[in-house]
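Q: First the structure, then my questions, so here it is.
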């Protein structure tokens, strides 16, 4: 197909007026390369075609650089509303306040508009400054644009590529427990009753009054829940939940759910809702089903990008946000809409409101995406935290390694030796959730251990909780003391490097990178119904919705008391780790090593530990 011109032009970014209008002595405007993209790329996705006719009119969207002062202050603003010792704790920002704080300087906007008007002979009244303050929009002929940007415009043809996601691990269940409240078999199969015993909470009364503004958000892409499976699960394990209970669908760019063919039911989606709904009911769940089938199932147009269309849908300013040389979605990595093979509407920007809690059980490795892509996305997670949104992300299932075959046979860096951090987990403004397990012969009344399942026992591939240190993002202030304590008292027996420079070192991990994960929850032998069959699943994919659901419960209690949602919880948890069950047994092997080991306090396997709901509730209820 032909690549639409709009996405091409949407990559245009206007930085500072000094750069845009530098006038040398000969009065000829100089130009600099702001951003360069290889559209052919290593995958050969784009093929250059004929030059576009000069008379063709095209819509132009130019991203304006956000306030540099605001970007510098943003981390401090987030800590003000998130740190338990702050006098502004819980005073989250509105989206309008964020737009105002990050808007480009007025004189910069004026100078860019002058430059466009003078160079391309476009009257200022034809240039629109968008409501989110981040974008200038106008129509121009190709001839005017080629003059304005000193370039040539060509058509580009798009060829098929693929994308991948990490599904939960599953296996046939050994038996079907008849008593849904049985706790003696939690070392074999984890039911909702097992989770209640582990983390000390009870179901809400089915007729409890809940806030209409506290639905729990769950992200899905390329995986679809089935209502018949949910009904079977509720009937057998949570009889207090009526059949037909289902998530609210927020369809993003053609995302569809539920599936109507039972054989196509998705293990990830069913797992998420069969875990979250029993914890939060009668509160609702909101499903952010992202992207049409063509893209979500690996169709033409993506080579690994993830989450951007979702973030677009809950924050319209992100569609046009410029940072780190990237404006809007990446045409090499992200879906492009309208999609002639699927959803033919425009890219959905700001059409949904973010829920107070969002759980994400999808991810990749840091090495899979450019650093600028991840940094721009991480800034958006920070802005969501400023608005009071808690985002929980599964840490991954491959220990200190990556997915086998990703970069090397064992998924590790530098010839299969260096530990591979996960993405988006390395962003400091998320809460990453590792996985624990009730081992055979143990009970829910004893401490859990980190998951370590060797290949074939019981899954085809090895499973251990991903953790380690980012090669892109440094240690955030709220984590500094915890990581320093781990290194001082339980120093890993491996050489290390600094600042992500593993290629110039013999080290195996980044000594000054953001630590992963932050917390943990049970993630193995989870009872599910998928495709009409009872089976067990495992993965940090289970751990994230469990933790997120419990925080949704805490938000419910705070709202009932006239308070707001907890928002970004990491600073509070690191200041008060006693509200979590410390996990001291287990490791996360990979890359030919035993990986990191659990230890008292924070560790890069299970973070600070698993939730103790009564203690967490008491702490967060004591805060403003």
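The count begins at 1 with the first shown residue.
Each residue, glycine too, has its Cβ placed from N, Cα and C.
The following feature annotations were taken from TrEMBL:
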type	residues	note
SIGNAL	1-20	signal peptide
DOMAIN	189-623	domain 'Peptidase S53'
ACT_SITE	268	active site, charge relay system
ACT_SITE	272	active site, charge relay system
ACT_SITE	541	active site, charge relay system
BINDING	582, 583, 601, 603	Ca(2+) binding site
Q: Using residue 268 (active site, charge relay system) as the reference point, find which of the recorded positions 541, 582, 603 has the shortest Cα-to-Cα distance to it.
A: 541
Q: Among the recorded positions 268, 272, 582, 603, which residue has its Cβ surrounded by the fewest other Cβ atoms within 10 Å?
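A: Selected from the recorded positions 268, 272, 582, 603 on minimum Cβ neighbours within 10 Å: 582.
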Q: Taking 10 A as the limit, how many CB atoms besides its own sit near the CB of residue 601 (Ca(2+) binding site)?
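A: Residue 601 (Ca(2+) binding site) is surrounded by 18 other Cβ atoms within 10 Å.
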Q: Restricting attention to the domain 'Peptidase S53' (189-623), give the mean pLDDT.
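A: Mean pLDDT for the domain 'Peptidase S53' (189-623): 95.
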Q: Using the structure shown, find which entry in 541, 583 (the recorded positions) has the sparsest Cβ neighbourhood within 10 Å.
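A: Lowest Cβ count within 10 Å among the recorded positions (541, 583) is 583.
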Q: Going by C-alpha distance, which of the recorded positions 272, 582, 583, 601, 603 is nearest to residue 541 (active site, charge relay system)?
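A: Its closest listed neighbour, by Cα, is 272.
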Q: Quick check: with 582, 583, 601, 603 left out, which same-chain residues have Cβ atoms within 8 Å of the centroid of the Ca(2+) site Cβ atoms?
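A: Here the non-site neighbours turn out to be 584, 598, 599, 600, 602, 606, 607, 608, 609.
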